[in-house]
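According to TrEMBL, the protein has these features:
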DNA_BIND  24-43  DNA-binding region
DOMAIN    72-260  domain 'BPL/LPL catalytic'
BINDING   Ser95, Thr96, Asn97, Gln118, Arg122, Gly123, Arg124, Lys189  biotin binding site
Amino acid sequence: MMVIILRNDIIEILNNRKGEFISGEELSYLLKVSRTAIWKHINILRKEGYEIESVHKKGYRIVENYNSLLPGELIGRLQTQTIGRNIIYFESIDSTNDYCKQKGNDLSHGTVVISEEQLLGRGRLGRAWASPKGEGIWMSIFLKPHIPPLEGTKLTQIAAAAVCSTIRNVVGIDTLIKWPNDIVFNGKKLCGILTEMSAELNEIHYLIVGVGINVNTLYFSEEISDVATSIAVEIGKTVDRKTLVTNILKVFEELYEDFIIKGSIKKTIAICKEFSAILNKKVNIIRGNSIKEGLVIDITEEGNLLMLMENGEKEVIQSGEVSVRGLNGYV
Ligand code: BT5
């Protein structure tokens, strides 16, 4: 752990004085370790993907890598207490959710696993999630909440509220939440959330909130080009993923703590309602082979849909696929 902190400190110092060479001697003085140790850790940082120049008699200088989500780049910007304080980073992995499942209770609460690409990114019900290299945010938040397993689905609403409000604030586009797990814009999907857990009847061992956001993708495969979009496609320029990740984690932590510590999910539900893509709309609810039609009249305090069905009865819907009637495209 100490060596990771040391490497984060090296990156923070180099980042704070970008463009400037900092001698091994100064780094060793500031961090109270030998110059050999500094040199050793600089080499490890390079292997992790940082571009650090070294020039004889001048020292070390970091080369700006705008496009990286390396932990050292994120930690300094993070304003959270627990969420993302431990970041596990991959250039490539099958799926960040699967990694969390494999590690299970070896991971600590609040750990964020992030990868530049996923080779087997997953959606719900075994569907595939396209996760091209360096183009999006593919991450999992690992949590150990002391809540009944039935409450686990609320974490999807917390994540949706955090992602939607952050994109609105940081990028300035009017994204909407398509209950239960999508963030959409202009009728296309920008983000999907996959919450999974390991639990017994009355106890959650751990819970994984997987978040996939199309940030700088410009081209989608034929299978999904009708339903998918990215922030860059919508605003016509690329966006810094670090700012998005750190802000999302901050809002996520606030809403999560409201829920866990104060037992309140009101703020989350208020955001989910304010930015809902389906509230007051007639929708089809698809579950397996059954299709039901009705009007969405509320999102309940439990994060479920309250529907007025065609037969005049009210019904609470806890899960399913939703599509808005009369609209083509994804929403
Ligand atoms: C989801 O499933 O939307 C959940 C996606 C969760 C992805 C994250 S990334 C980090 C973590 N690790 C993982 O392995 N997964 C999580 P669902 O509602 O079932 O939607 C899946 C459907 O979305 C697919 O069948 C496609 O039609 C479409 N799709 C696939 N890739 C997409 C993309 N990149 N952007 C938009 N739509 C996509």
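Keep in mind that glycine also has a Cβ here, set from the backbone N, Cα and C atoms.
Taking a C-beta cut-off of under 8 angstroms and a sequence separation of 6 or more, Asn97 (biotin binding site) has the following same-chain neighbours: Arg122, Ser140, Leu194, Glu196, Ile208, Gly210. Around Arg124 (biotin binding site), taking its Cβ as the centre, 15 other Cβ atoms fall within 10 Å, counting all chains. Model confidence over the DNA-binding region (24-43) is summarised by a mean pLDDT of 94. DSSP assigns Gly123 (biotin binding site) to coil in the three-state reduction, placing it in neither a helix nor a strand. Largest Cα to Cα distance within the recorded biotin binders Ser95, Thr96, Asn97, Gln118, Arg122, Gly123, Arg124, Lys189: about 20 Å as a whole number.
Other Cβ atoms within 10 Å of the Cβ of Ser95 (biotin binding site) number 23 in total over all chains. For Thr96 (biotin binding site), the Cβ neighbour count at a 10 Å cut-off comes to 28, with all displayed protein chains included.
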